[in-house]
Amino acid sequence: MDLTGLSSKGRFLMVLCIVSYLYKSTAAEGSCKLKAKFNLRGYKEVEKKTVVIGGMFPVHQRLTDTDSNTTIAPESSDCEGFNFRTFRWAQTMLFALNEINSRNDILPDTELGYVIYDSCFTISKAVEGTLTFLTGQDEAVPNYRCGDGPPLSALVGAGGSDLSIATARILGLYYFPQMSYASSCSVLESRFQYPTFLRTIPSDEHQSVAMAKLVLHFGWTWVGTIAAEDDYGKYGIKRFKEVVEEAGVCISFSETLPKIRNPEAIERIVQTVLDSTAKIIVVFSSDVDLSPLVGELLRNNVTNRTWIASEAWVTSAAISRHPDILPVLGGTIGFAVKRADIPGLKEHLLSVTPYNDTLTEEFWGIVFNCTMNYRQVLSGMRRCTGEEMMEKLSNTFTDVSQLRITYNVYKAVYAVAHALHNLEDCKPHSGPFENNTCADITKFEPWQLMYYLKNLRYTVPHTGEEIYFNNGDVDGFYDILNWQSESEGGITYTHIGYYNSTAPPEERLIINNGSIIWNNDILETPRSVCSERCQPGTRMGIRQGEPVCCFDCIPCADGEISNTTDARGCIQCDEDYWSNANHDTCVPKTIEFLDFTEPLGITLIAIAAFGALATIAVAIILLMHLNTPLVNVNDPLLSFSLLLGLVITFLCSIVFLGEPQMWSCMTSQVALAVGFALVLSSLMGKSALLMLRARAVKARVIMIVCTLIQAVGCTVWLILMPPQPVKNTAAQNIKIILECDPGNIIFICSIFAYDILLAVLTFSFAFVARKLEDHFNEGKSVTFGMLVFFIVWISFVPAYLSTRGKFMVAVQIFAILASSFGLLACVFIPKCYVLLIKPERNKEELMIPRAKSRDTAASGSSASLATTSSSANANGTTVSTVSLDD
């Protein structure tokens with residue numbers, strides 16, 4: 001048949017007609033059969049029941065190995081690995097149904113039946129059970145409901161998230177309600193993909209965030225993760241990583257637990273755990289998938305780790321009751337769903353008998369180590385009597401101390417029952433459906449029940465918990481448990497806190513740190529970091545190619561600080577501050593200047609004062625001998641102006657001391673420049689008198705003009721860009737040097753260049769005049785004084801440039817004092833010597849010049865003096881020389 005000419009819709013209708021025709025042909029022969037027959041085990045009670053509720057529980061852990069030979073017809077695999085915990089879940093559904101059927105306040109006129117299958121913790125068995133449940137007979141026929149039995153209401157199941165995802169896709173096609181008790185995967189939140197999926201267990205979105213908050217609460221920044229190789233583990237650990245990595249936590253390793261037996265993969269995971277420095281390991285897995293890893297951890301004696309458990313294994317007896325588990329998993333912290341006590345459940349569990357079904361028969365044979373199979377009896381096994389005492393059992397099946405997932409099963413069954421009750425209790429002409437109609441409890445459609453489930457709000461018996469669904473989900477509430485050792489050496493689940501997703505953000509995670517006992521019975525919270533925290537004074541230096549949590553702590557540079565732990569960078573101190581020794585605080589820099597009160601300052605003041613007093617003393621001596629010939633030679637006025645200049649230079653050096661102020665900066669620099677200008681111009685005037693035989697008035701004019709030029713230059717300097725006090729923070733890092741800024745380098749260079757010019761001219765004149773043959777040659781004294789002056793200031797330059805801070809001021813003052821003392825000593829000591837020690841030489845006749853002659857006698861000892869007399873009568877002052885020879 002050629003269908004190419006039809007549209008896609010036409011082709012679909014044609015195929016649907018063919019399928020219907022073939023099915024009707026088969027139905028005409030009296031049966032609904034497929035080529036394959038499913039091998040399912042469970043419980044079924046539908047006779048004389050009004051409504052049927054489906055159930056699916058992973059009573060077994062895996063499928064048995066089958067022959068892959070395709071030469072014979074394939075058979076549906078059987079299951080192995082009986083799980084007492086999940087068998088209790090299935091029995092809880094039976095208990096809840098019996099309890100509801102016996103009540104008069106819920107569905108009083110309706111009897112609930114059930115069809116429960118074992119999913120064997122595998123997707124294939126879950127799909128088989130779903131198809132069979134929908135068909136209504138042992139042979140599954142997709143899209144059809146075979147038989148005239150009671151209507152199907154909802155499916156409670158199917159265990160793990162992978163199983164529910166598979167069944168939810170099928171049930172969603174028919175808008176058939178599914179109520180899960182253990183499928184917490186966040187991907188099931190999508191109402192687009194899973195429109196009829198509801199659950200009584202919180203979504204893993206809440207659990208992943210809660211785990212992340214737990215890690216952050218204890219300050220762990222270096223964790224490992226292990227997840228089951230299914231949607232539950234993949235999506236749960238993915239969301240956990242997103243939250244913690246956003247908060248700065250690093251993942252040391254991320255491993256996946258295989259779904260099928262793989263010893264090599266398990267050994268590799270254990271080796272990764274051993275090699276890692278992470279002490280915190282987050283595990284998102286079921287107890288079934290985790291069991292092989294636990295066995296390998298025990299064989300390798302992996303201790304000193306803290307394990308963070310998801311709700312799927314935190315209360316699993318298959319893990320916690322493992323022999324010698326305490327050294328490895330002791331101290332585990334995990335999240336568990338709400339716990340409850342269910343009155344009557346223990347009695348129901350103890351009342352099971354091995355004659356009802358194959359699942360209970362298998363359970364009976366395992367716990368009592370007997371068999372009801374005749375062939376096995378013949379092979380030597382003990383035959384079960386059916387009267388074995390269940391009360392003597394102490395195993396996971398009869399343990400009702402931690403009813404958490406069991407409580408979720410109980411709530412799920414009651415949720416379906418309450419929805420059915422609301423459907424049955426609908427008042428005619430007030431219904432929610434078209435034309436205000438109600439659904440008939442004996443022949444309703446699944447989508448009609450779905451309406452009541454979505455809008456359901458009921459109170460759970462015995463616990464008083466109110467249940468409602470927010471877009472198919474319930475609020476996220478978890479108990480936080482700590483695995484601690486009990487007196488008999490086993491594990492006890494100690495409640496240490498809780499997580500409530502509906503609380504304010506700061507109150508969602510509540511933990512009592514003091515009640516936690518960590519691995520190896522340690523009370524101190526373990527640390528799990530790739531690198532120890534960087535203390536204040538250091539910064540984090542990221543290691544190339546490693547996670548951001550792995551870093552080196554680098555000390556802050558001088559002048560920088562960090563005052564927090566794990567600082568990303570150091571903070572530069574302000575200009576007036578510097579880092580302390582620990583580089584964690586900026587402290588004010590030391591203020592430095594040459595103070596009056598310190599020993600060096602006092603010493604310099606004393607020397608300056610002595611120099612000024614000595615100069616004044618010389619002036620007094622000259623005044624006392626003012627009318628004597630020695631004082632009158634070479635113009636006494638120039639001598640007094642020279643002495644005045646020296647007093648100024650001595651005293652101005654004191655102004656350099658102390659904290660620089662505006663006035664002191666201006667006074668010290670200007671006084672120094674003008675003082676030396678006066679001194680040098682006076683000396684130049686004296687030298688001019690000697691060299692040029694000039695009149696005294698001309699020498700005075702030279703002195704006055706040269707001094708005035710300097711004074712005018714300094715005045716301009718002070719007006720335009722005066723010196724001012726500044727804080728020098730660049731010279732020394734830890735100090736603020738208070739000094740005077742000259743204002744403009746051109747001005748200060750010009751001012752002191754002028755003094756240098758005067759000094760050079762003075763020296764030149766004096767140097768020439770020293771050879772004149774006079775009785776009293778003052779030119780030599782000036783020459784020596786200027787030599788001292790040059791030596792001091794030439795030595796001053798390298799000394800000044802090689803010092804810092806207040807010692808620069810001290811060097812400058814020393815140069816001023818040394819040069820001043822040099823001039824004072826060289827120029828005036830010879831005169832004072834004559835005036836005070838040899839007054840007999842201070843006579844006018846000794847000032848008369850005599851001509852020099854050389855004695856040519858045989859003895860060769862001539863003592864003649866050649867003199868040249870020059871008398872100038874300008875203002876009555878006589879310019880002559882006197883010999884100091886005897």
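Note: Cβ is positioned from N, Cα and C throughout, glycine not excepted.
Those TrEMBL annotations? Automatic predictions, nothing curated.
According to TrEMBL, the feature region 'Disordered' maps to residues 852-886, out of the candidate ranges 502-536, 852-886.
Sequence-remote contacts of a segment are chain residues at least 6 beyond its ends whose Cβ falls under 8 Å from one of its Cβ atoms, and for the transmembrane segment (781-801) they are 683, 686-687, 759, 762-763, 766-767, 769-770, 808, 811-812, 814-815, 818-819, 822-823, 825-827, 830. Residues 594, 604, 607-608, 611, 614-615, 618, 621-622, 625, 628, 630-631, 639, 642-643, 646, 649-650, 652-653, 656-657, 672, 679, 683, 778, 781-782, 784-786, 788-789, 792-793, 795-796, 799-800, 884 of the same chain lie 6+ residues outside the transmembrane segment (813-837) yet bring a C-beta within less than 8 angstroms of a C-beta in it.
The list of residues near the transmembrane segment (745-769) in space but at least 6 beyond its ends in sequence, with Cβ under 8 angstroms from a Cβ of it, reads 669, 673, 676-677, 680-681, 683-684, 686-688, 690-691, 706, 709-710, 713-714, 716-717, 720-721, 723, 777-780, 782-783, 785-787, 789-790.
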